[in-house]
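K.L.:
Below is one structure. I have some questions about it.
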Amino acid sequence: MCSLGLFPPPPPRGQVTLYEHNNELVTGNSYESPPPDFRGQWINLPVLHLTKDPLKAPGRLDHGTRTAFIHHREQVWKRCINVWHDVGLFGVLNEIANSEEEVFEWVKTACSWALALCGRASSLHGSLFPHLSLRSEDLIAEFAQVTNWSSCCLRVFAWHPHTNKFAVALLDDSIRVYNANSTIVPSLKHRLQRNVAALAWKPLSASVLAVACQSCILIWTLDPTSLSTRPSSGCAQVLSHPGHTPVTSLAWAPNGGWLLSASPVDAVILVWDVSTETCVPLPWFRGGGVTNLLWSPDGSKVLATTPSAVFRVWEAQMWTCEAWPTLSGRCQTGCWSPDGNRLLFTVLGEALIYSLSFPERCGTGKGHVGGAKSATIVADLSETTIQTPDGEERLGGEAHSMVWDPSGERLAVLMKGNPQVQDGNPVILLFRTRNSPVFELLPCGIIQGEPGAQAQLITFHPSFNKGALLSVCWSTGRITHIPLYFVNAQFPRFSPVLGRAQEPPAGGGGSIHEVPLFTETSPTSAPWDPLPGQSSAQPHSPHSHL
C-alpha cells in the first residue's frame, strides 16, 4: 500500500512545477515553454489567465423584468398561476393561505393545514436527506469536483475527446471555447445558462457540447468554420425534465449514442436520446438523488455516486446495477482504468484510496456488473510529516477529486485544503500507476503552482501522445498545462481507445485523421498517431437495451 511518507519533498517555496522527465517533476521560478529537446512534442495551447474582477455572477441575480414595472396587485388566481410556475404546489398553498379577503375562510384554513402537513413531511424527508434543504447553488457547490465552486472564476473545464480544444465555464455563467488551431474564441451565452455545473463534449463529433444548467441541459452545436465569437442562442437545444433540477452531472457514452444526466434532488438517472429530445429514466429504488456520473472508457459500465453512503455501478447492456455501501460517508470521487476493469474511489471523511476490480467476463454473465464483493485499500493519504529544504511540513488529508490519465500510467489527486497542511492550500499529488500484470500505485511527486495560487480543478488531456498532459485551473484564473513525458509501457506510441479494441475492418480501415467529422484540425496538429504499421480500429458501438 502506498503512503505519503514515500513521496519526495514538495518543491521549494516560490517554485512552480513545469513538467515531468525521467520520472521526476521539474520546477522553475515561473511558467515557461518546455526546453528545446521537448518543444517538438508540445501542443500550441493558448496561455490563459482569466481574472475574477471583470466577471459577475448573474446566476445569483434576478433576470426578470418584474422590477421595471409599477407594482400592481393582481387577482389571487393570477398570482397562483405565477407562483405555480416559479415555486410549485407549496407556493400556491402559501399564496392562498396568506391572501387577505379574496378567498373563503375555509379555503384558507384548508391550505394552512396542507402547508403544515407539507412542512412536516418536508422536515422528515430533510432529516433523511439533509442535502435537500440546500439551495441550488449550495447543492452544486457541495458536490462539484471543483473546489470553492461558488466564488471561483473557473467553474468547469472540459477537453474535447479528439482535438486540442477545450471549453471553460466562468463565474458569469458564460462559456468560452479555445482551440489550439484558431485565434477565434466563441463565447456561449443563453438565458437558461445559469449555474453551470458540468460540461461534456460529445464523442465522435466535432463541436457538440452539453451543458448542465440550473433548470435544463443545453446542447450547443458549434460550426468549426464559423468566424463568429457570439454564436446565436438558436444553436442551443434545450432538454428538460420535471423534477430533474439542478443538473449537476453529464456523461456521454464513449460512442456518442447516449447522454446521461443526474441531479442531487432526483433519484433517477435520465438516459437522453438527444436527436429526438426524449429520455428514459433508469429504475431507482431509493431516494436521495445522484451526484456524479462517470462512464467507463470501454463503454460497458457507469459509476453513479449518491449523497448517501452508497454508490452504484450500472452495466450498459441490460441496464442493471450493483450497489456498494460505504462506512463513513458518501463516495467523494472516482475514476476508471482505461480498460474499465478497475475503479479507484475515495470516501468522504476518509484519507484513503480504494480499488474495486471488475474481472472481464468472456461471453458469460451478460447483464451483470460482476464487480468484486469488497474494495481494497491501495493508498493511505493520512497526514504525515516530511522533511523539506525549508524545514518540516505536514502533508496529507482527504481527497477532493481524482483523475486517471488515458494511458493508465499517471494518477493525479487534488487534496482538500486543511489549515494544518500546506497553509490550508489544496495540494496535487501525482502517482505512477500500472494495471498489468498486477496493479501498482507508486509516488511520483507534488505539483505546485505560483505563490498564492490554489489548485481548484484538475483533468487530463484525453489524447496526448507523448505521455500525459495534466491541466490545472488555479484560483488566480490561470490555466496551466503540465506535460508528463514518459514512454507508455503498453503502447510505445499512445493511441486512444474509443471503446473495446477491435480488429480493423475487412479491406483495411482508414486512419483516424481521415474521418470527416474532424475537419477543424489538420493532420499535422492531431494530438495522437496510430500504431506503426496499423490502421486505427473503428469505434465500437455497444448495443443497449432501454
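Yeah, the Cβs are placed from backbone N, Cα and C, and that goes for glycine too.
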K.L.:
Could you let me know which of S337, S541 shows up in Swiss-Prot as phosphoserine?
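P.N.:
Comparing S337, S541 with the record, Swiss-Prot tags S541 as phosphoserine.
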K.L.:
Can you give me the average pLDDT across the repeat 'WD 3' (243-282), rounded to a whole number?
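P.N.:
Mean model confidence (pLDDT) across the repeat 'WD 3' (243-282) is 93.
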K.L.:
Could you give the residue numbers and ranges of same-chain residues that sit at least 6 residues beyond the repeat 'WD 3' (243-282) on either side and whose C-beta is under 8 angstroms from one of its C-beta atoms?
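P.N.:
The answer is 131-132, 136, 139-140, 142-144, 195, 197-205, 210-217, 219, 237, 288-295, 297-299, 302, 304, 307, 314, 316, 319, 321, 498-499, 539-542, 544, 546.
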K.L.:
From the DSSP assignment alone, can you count helix, strand and coil residues within the repeat 'WD 2' (191-230)?
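P.N.:
DSSP composition of the repeat 'WD 2' (191-230): 0 helix, 14 strand, 26 coil.
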K.L.:
C2 (N-acetylcysteine) has how many other Cβ neighbours within 10 Å of its own Cβ?
P.N.:
20
